[in-house]
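*Asks:* Before we start, here is the structure in question, set down as structure tokens.
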Amino acid sequence: MKKQNIPEEILSLITEEEINLFQELQIKIKELNNKTNLTRLTDGDDYWVSQVFDSIWPFKAFTNINFDNKKFLDIGSGCGFPGLAYAITHPNSEIYLIDSLKKKTDAIKFLVKQINFKNNIHVINDRVENLAHQSSMRNNFNIATTRAVSNPSTVSEYILPMLKKEGFGVLYCGKWTNEESKNLDKTLEILEGKVKDKKEIQLPRNKGTRNIILIQPKNFCPEIYPRKVGKPEKNPL
């Protein structure tokens, strides 16, 4: 397939085989969009920067951390990003994609069947507030992330209960302020977590500022978290 209009910043991060898989994924997402309103980010920079690059660069940026061969959780996966992007670039990892909307999980299942992923991929239609209190899911992941779901404090309440003691939570944020940093520190203190690292980047093609906050458990998260459905969103810690 042709590489027209794919930003150089992406081409420098992924292999020829991975480019082909991302192009196949783009085609299938467009097919799905003809039947259901899955995402508006399907063409040009909307796809290659806002979806692909934004999903994969954090796992290339923290060079002191090995993100390969891990158990990976994407919370609120939507149309499959960042989870499917991570799957393409980390084929030895086991992937769990969860979303509360059946329309979204049905779409992701279709994509998984259509694309030649090498991973073991699980797609679950449920709320993280429910799954986090199941012994088969809690404290079970090396990496957990969510993108475009909620504020960092709420997202931390979703992520930390799912992580193994040595695991990492990957928080996708826009511009990062001192107030947000203080609020996150307060939340992490309650959840027995800590900030491990942070990186900021200007996305290609003037797509804005992106901050990635890496969080990590200090101890296992108290069992009462996450709270019941809706509480983390309405009343952040």
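Glycine too: its Cβ is placed from the backbone N, Cα and C atoms.
So Swiss-Prot lists these for the protein:
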| type | residues | note |
| --- | --- | --- |
| BINDING | G76, F81, V128, E129, R147 | S-adenosyl-L-methionine binding site |
*Asks:* DSSP three-state call for R147 (S-adenosyl-L-methionine binding site): helix, strand or coil?
*Replies:* coil
*Asks:* Please list residues from the chain of F81 (S-adenosyl-L-methionine binding site) whose Cβ is under 8 angstroms from its Cβ, counting only those at least six apart in sequence.
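*Replies:* Spatial neighbours, sequence-distant, of F81 (S-adenosyl-L-methionine binding site): Q51, V52, D54, S55, R147.
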*Asks:* For V128 (S-adenosyl-L-methionine binding site), list the number of other Cβ atoms lying within 10 Å of its Cβ atom.
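*Replies:* Result for V128 (S-adenosyl-L-methionine binding site): 27 neighbouring Cβ atoms inside 10 Å.
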*Asks:* Sequence gap of 6 or more, Cβ distance under 8 Å: name the residues on the same chain that satisfy this around E129 (S-adenosyl-L-methionine binding site), in order along the sequence.
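*Replies:* In sequence order, the residues whose Cβ lies under 8 Å from that of E129 (S-adenosyl-L-methionine binding site) (at least 6 apart) are Y158, P226, R227, K228, V229, K231, P232.
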*Asks:* What does DSSP assign F81 (S-adenosyl-L-methionine binding site), in three states?
*Replies:* coil
*Asks:* So for G76 (S-adenosyl-L-methionine binding site), how many other CB atoms are inside 10 Å of its CB?
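*Replies:* I count 21 other Cβ atoms within 10 Å of it.
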*Asks:* Hey, does DSSP put G76 (S-adenosyl-L-methionine binding site) in a helix, a strand, or just coil?
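*Replies:* DSSP call for G76 (S-adenosyl-L-methionine binding site): coil, neither helix nor strand.
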